[in-house]
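**Q** Got a structure for you, written out below as structure tokens; questions coming shortly.
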Amino acid sequence: MLRLVLQCTAIVCTSLLVGGIFVFPLLAPALMEHLKLTQTQLSSIALAGMAGQYPFSSIVGKLIDHYGPRVCSFLAAVIFSAAFALSAMEISLSPEHSERPNTAVAERLVVYFAMAGLGTVLSYFSFVFSATKTFTNYFTIASGITMSLFGLSPLFLSYIAGKFFTDTSTGSLDVAHFLQFLAFSTGIAHLVGAYALSLPPKNTNTSQPVSNSGTADTPNERSRLLDGEDSSDCTTDPRDGSALQLLQDLHFWLLALYMVMILGVVGLFPYFICSVSWLNFQMQCEMIMSNVGTIVLSLPSSTVARALVSEGQQAASLQVKILSISNTTSRILVGPLADFISPVFEYQHLEGYMTIRKHRISRMVFLSGAASLLAATCTWMVFGVQTQHDVWLLSVGTGITYGAVFTVLPGVTCSIWGIRNLARNFGIITYSPFIGTTLYSYVYALIVTRHSAEGVACQGRICWESTFYFCLGTSLAALAINSILWRNWTGRT
């Protein structure tokens with residue numbers, strides 16, 4: 001019991017401290033002022049931190065499946081400490097108020113933040129899969145809570161930065177000391193995780209599985225004898241397969257395409273935010289999550305024909321808060337609901353696929369709901385929105401969709417392709433949001449450029465209306481793809 005308490009404590013601590021790369025907007029003003037870094041250089045540093053998460057996600061997943069979360073937590077401790085300590089050293093040793101941008105420092109910071117991005121994915125996979133593989137009977141609750149804590153990490157670190165590392169008289173952040181704090185705190189927390197994030201021994205679940213008819217199954221004499229044998233050949237889950245077998249599965253590609261279409265649309269939110277105030281909002285979320293700022297600014301205020309810049313910034317800030325609350329709330333609510341009405345299927349030798357509780361409805365209903373909500377949100381943006389205040393429905397719909405899909409996804413992946421290679425399979429699937437965000441962001445950028453006069457920012461519905469028509473079409477296509485998967489996975493999800 002004490003070990004379980006320590007494990008849960010380590011999960012909470014690591015998940016709250018892991019969001020260092022997401023608070024880069026707090027560092028950017030000081031870097032711009034003291035090191036004279038250009039916006040392009042600042043963008044490169046921020047993007048390096050974000051991009052560093054994606055290339056190795058499947059490799060990190062494989063490490064989790066084969067060696068457990070403790071190894072990944074130890075690697076995260078080393079990488080985080082090195083990345084933030086080296087960044088702090090670069091900033092503290094650089095001359096303040098230099099007259100020209102320090103290109104060499106900027107290039108090294110790009111490398112260090114890319115390292116921090118790798119540390120982020122190592123940490124994320126370690127605490128998420130430590131929780132889900134420990135609390136297998138409450139799979140989605142475990143993933144939902146840990147992902148919610150991960151989502152709150154930037155807010156927690158922003159509070160720490162403002163409370164302890166900001167000069168109250170000038171409002172400027174002491175970047176070097178804050179990065180030193182991140183190096184120390186993330187290193188210690190993940191070293192504790194390297195000890196505490198263990199997994200329970202296999203085949204220790206004493207709960208009786210439930211058949212699809214809802215009755216508990218009593219093992220017969222033959223199954224008791226087989227349970228007494230320590231033979232992996234007798235209990236091998238037929239869902240366990242190689243990465244090549246996964247990639248040869250047409251249903252995997254359909255699920256990946258669904259993810260591209262849904263999370264690609266959701267991923268536009270930060271770009272909208274960046275257009276309102278780059279320093280305050282860049283890279284805080286993953287077309288909608290990237291771009292709501294330009295939507296807000298392109299609409300008139302409810303009281304004046306054209307919003308002032310400060311009013312637009314406040315409106316965009318409100319949308320980010322609404323998005324964050326919706327995202328976190330959906331994760332917390334969807335997790336328990338999915339676990340109790342759609343428990344994850346486990347493989348029992350001789351008995352086939354069973355669940356710990358009565359299975360009432362497929363988990364695909366949650367993915368269908370997410371696609372339907374996103375389609376409704378896009379419809380509202382095309383036909384309903386008139387003023388800045390109307391955009392709150394976009395933020396709510398986007399946040400719920402994003403939270404629900406990522407909360408349910410590990411359970412769907414586990415039910416279809418097994419738990420042995422769950423982290424690897426989830427890591428491969430997570431390439432989809434990266435591809436989708438890039439694709440949809442270029443679509444949005446091309447449409448905005450087409451309707452922008454040279455040297456003048458785009459104004460009005462014409463800036464984004466075509467984008468939402470496109471997103472509405474792809475959301476409906478994703479709903480159709482989910483219906484195909486639901487039909488083919490009947491009785492398995």
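Each Cβ is built from the backbone N, Cα and C atoms, and glycine gets one as well.
Positions annotated as compositional bias 'Polar residues' by TrEMBL: 203-218. For 326-479, the entry in TrEMBL reads domain 'NFD4 C-terminal'. The annotation region 'Disordered' is assigned in TrEMBL to 203-237. According to TrEMBL, the feature transmembrane segment maps to 12-32, 67-88, 109-129, 135-157, 178-197, 252-279, 364-385, 391-419, 426-447, 467-486.
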**Q** Check the transmembrane segment (12-32) against the transmembrane segment (109-129) for contact, please; criterion is three or more CB pairs under 8 Å, pairs 6 or more apart in sequence.
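**A** Yes, these stretches are in contact.
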**Q** At least three Cβ pairs under 8 Å linking the transmembrane segment (467-486) and the transmembrane segment (364-385), pairs spaced 6 or more in sequence?
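**A** Taking Cβ pairs at least 6 residues apart, the transmembrane segment (364-385) and the transmembrane segment (467-486) are in contact, with 3 or more under 8 Å.
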**Q** When you look at the transmembrane segment (135-157) alongside the transmembrane segment (391-419), do they share 3+ Cβ pairs under 8 Å, ignoring any pair fewer than 6 residues apart in sequence?
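**A** The answer is yes, given that the two segments have at least 3 Cβ pairs within the 8 Å cut-off.
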**Q** Checking distant contacts: for the transmembrane segment (67-88), what same-chain residues at least six beyond its ends satisfy Cβ-Cβ under 8 A?
**A** 10, 14, 18, 20, 60, 108-109, 112-113, 115-116, 118-120, 122-123, 125-127, 129-130, 175-177, 179-180, 182-184, 186-191, 193-195, 197-199
